[in-house]
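Listed in Swiss-Prot:
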BINDING   91-98, 755-762  ATP binding site
COMPBIAS  678-689  compositional bias 'Basic residues'
DOMAIN    53-299  domain 'ABC transporter 1'
DOMAIN    388-665  domain 'ABC transmembrane type-2 1'
DOMAIN    721-960  domain 'ABC transporter 2'
DOMAIN    1049-1286  domain 'ABC transmembrane type-2 2'
REGION    670-691  region 'Disordered'
TRANSMEM  398-418  transmembrane segment
TRANSMEM  428-448  transmembrane segment
TRANSMEM  477-497  transmembrane segment
TRANSMEM  504-524  transmembrane segment
TRANSMEM  559-579  transmembrane segment
TRANSMEM  642-662  transmembrane segment
TRANSMEM  1059-1076  transmembrane segment
TRANSMEM  1087-1107  transmembrane segment
TRANSMEM  1128-1148  transmembrane segment
TRANSMEM  1172-1192  transmembrane segment
TRANSMEM  1197-1217  transmembrane segment
TRANSMEM  1303-1323  transmembrane segment
């Protein structure tokens, strides 16, 4: 059967619908295309274009995590697209729609493709194919701080051809804003979960708009209607219908719940299921094809729903007796391949020569529409805007530099030229460098924030990777320069480093270059790491050897030959070496009385030898070069410039690594876990297809509470107003989002909240559900005739629009967790499990019940997440249920099933309020009441819908607005909601003002009277609750502990990396100081190894920040639902992390301790005590990381301040600067430092009564010592330190504190626990 002719102004008549669409007047907010004299659309395209696509035996597979294993995604597809035609893809999520589009867009990465895929008779030209294709992806990934207009303009600047004038670009942006009804939002930021921006539906239109900028011949749109109401979807598809008719553009569109009028706009239909094609052919022949197989479309049934459901539930449409002749994707696909329809399509593929008259040929064009210099400029401008918009992060970086500069400046204020301050200069230089290094950890979050957008734009060839890479570098320079200058000025001049302009400039340059270099290092790690959590683990582990082998903690002569290569490749070594040479070279040092050997301030110093020291002593270091010599550094002044060049070269190397990984690595999470697949297959064997009529809510125990309390919940609200604070013209004002809303819901009632995008539906739902965290609410809300109490969460549940779910749980575990924590504690576990199993079956989740939910693209699809989200809330068996867009992201079959379930829950006596965007006729019939809002949050209608929407439509008919009998009533009411409409009433012209007419209506008067009288009948029993939580504390502890433990063990990569990092660094540190003897040199090495071991615990702890941040969103949702107590949540989270903290500490400590030769007694007591202190220190640092993750809003800021805290802790612990050298004004900080006490304990544990000796090179000879005989002799050799107690005295550590300080360590654990609890209870970083 030949496809219909293309190029006509109208598409063929559909057998199941009405006359097809032709160019129409403007409807609602979106604009119809305007034409110039030549018939071309004004402001968008200037020439006709199109693309002829043919696919023969197209198949695709992708590798799994199991080596050598492949998973089929597409199987043997045959289809075509012609210029001017529109093809609709239907199929349940996971059917392969996205894979088809990626293949057509030539955006494949790890997939293996076979078969033939031709574009205008040729294979895809990899260089220019993207210039002819516009691909609207499923997800809405944008730079959150950019406004809608800026987002479109950026796309226009880079996707419109070189030479296009600014006027043309702006005209196209204006056109798209008007077309997508975003003109009013053009100056609103796009936003994300942390930054309030446009609504979900508006964000989807932004996603579409950035691709509409292109002069594309082929439009690919993957579920563009998600989050849009039905009217907006229809208008959008009409626009593309016009575009196809006039400009011969070929379109392939995947939709989930298309209405009849939307479906009629398409020429061809493609139905997919599980990667198989079960139909491709003319839309007009689709129904007759399936009727030929024995499946009939019921009367008044949406054909799109019929097409989507027929493979999964063939028994619903089979006319004959017995079992349907076909079941499953493969059987339907084989039937199609054996049909005359398929043969007709194959003949067209084989015999039809592509008519390229209307086809745009871009093969002669350059790969990118704009030159590289222009790409770099635009990408850099965007990066600078991103930087400026992140005001909190920028301020934190500057404040951090000022604070640290002042701390160091006052701590090391006015350094002298004695021995102690000579060492302090070295410590200051090393610490300053570490501060610069660790400040770069915030770059991990910066890159991950932009990475998904970069992937999309890289695939779309907006710019070369090099342009994006340079934008990251350029945008970092100003802020790095500013924070470096502030820090260096304070540190250098307050500390009294050499007052020399050249040396100061060098100090500034080295720190600045080092800052940029390590920013690039952290971004390089982020470019290849699969997620931010692993990046936060890998980066410190890779950095630790560089720090250890920098020459400060382990001088060059102490490093064994097997590790000396790390010393030579450590960038920190060269930076430290350059700064040390810059400061120490040329300085002359002296000794205070206490610093000479022997000290001049000893009582017998002036007595002749051997009764005293004969008034003679030696000052060991008198020149700065001797400090350099001790560390094995060059003693000439010019080599520091070589060091600077080497650090710059390392920065360039890290930058190249970042560029390489950005260019060549594209993290793709679609490769499934074989264990998940295996579990899912087992589950699918047990699954049974059930009709909705078989879902007995009472058997499912969804009316358990009703047996105890015969009613649901009465809720009423009056004069409800909601306002938010905004700034306009520099003044604080209040913007009203809801304006005097009235309404109610009662048991058995299913109330729909509807209105166009931006009308305030979700806002109203949040206010009613008590989920708003900001703004100002006025008016009255009563629950069962009383004000809302703290027990409100016991009787209510809220299905949020955004599906925030625990990523490591399986589907069944997530729903079961909700049931066990929210159902009554006296309900047996067996009944709870049965209850959950019925929910899983009803929501068609049985096949994936054992699959992990995952995060982002990793794990479940959008549709599956939505159903799991609904299941989690249904598991609480609520009396009052709020749902925000429960069908968004679902196909029509799944959406109808969900709404049937919700309707039955309402029928069982529950009260339900539900926002909904684009309900089909079948779905809209489920609602018995409607609250209709217009933009601005004003009521247009509140009342019953009536049988077949008779009451609702009757209200509008009374005002002269008649709904076409074949039109979906839901679409009709949205069409007439917003504007004043000119109509006729009783034969006279009439203006319909939606809000005013409702206020004056009898409906409104009756509603107000009912609310004033009270919705709840007098004498109705009210449920009483005796606790905030449904479950006992014991149940909460068990369930939270189980979930938290499984979350830990399922992060396999994280655990593996975490433990390998500990083992690696333990072996490295142990072999660096292998079998230390009790010599003078090894005194300092022992102190270094003990200090580094503790600080490694700090670095290890900070890597948990992304995990805590990821869990935080789930916690916010569950806490708002009243699932569990905060202390129990926190306690179980910490307890389940303890084994991994213990393993990390032990795996590090064992090789480090025994290989290095730290102190051992026959009973092993020093080792066990050291291990215990290491474990407690690691645990405290892990708790400190949780404090930062819960208190601070983003990963970037938490990492930045966590690095600062770690730096300050290491500074005041007593290693960098001995306690005696700490200024009195800062001594309290030394005493507050949580690292001070474990360091003191492990030092006492190691050095107490330990004997030391000197090698021949370490002993000191004192010349010209006066003896009792009156002669002068050389006395020596003298060993400066012979007992470890001398070291303890130098660091002001007392042996009796070895066990006393344990109480302080545990005190910090309690303190951090309290801080985390307070943060979880009172701080929310997600605003509503």
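Glycine residues also receive a Cβ, built from the backbone N, Cα and C atoms like all the rest.
Mapped onto this structure are the features recorded in Swiss-Prot.
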residue : record           : Cβ contacts under 8 Å, 6 or more apart
91      : ATP binding site : 97, 254, 271, 272, 273, 308, 891
93      : ATP binding site : 256, 861, 862, 863, 864, 889, 890, 891, 894
95      : ATP binding site : 272, 273, 274, 275
759     : ATP binding site : 933, 934, 935, 936, 937, 977
761     : ATP binding site : 753, 754, 755, 884, 915, 933
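Proximity of distant same-chain residues to the transmembrane segment (1303-1323), defined by a Cβ-Cβ separation under 8 Å and at least 6 residues beyond the stretch ends, is recorded for 1115, 1119, 1126-1127, 1129-1130, 1134, 1173, 1176-1177, 1179-1180, 1183-1184, 1186-1187, 1190-1191, 1234, 1237-1238, 1241. A sphere of 10 angstroms centred on the C-beta of residue 97 (ATP binding site) encloses 23 other C-beta atoms.
A mean pLDDT of 90 is what the model gives for the domain 'ABC transporter 2' (721-960). The Cβ neighbour count for residue 755 (ATP binding site), using a 10 Å radius over every protein chain in view, is 26.
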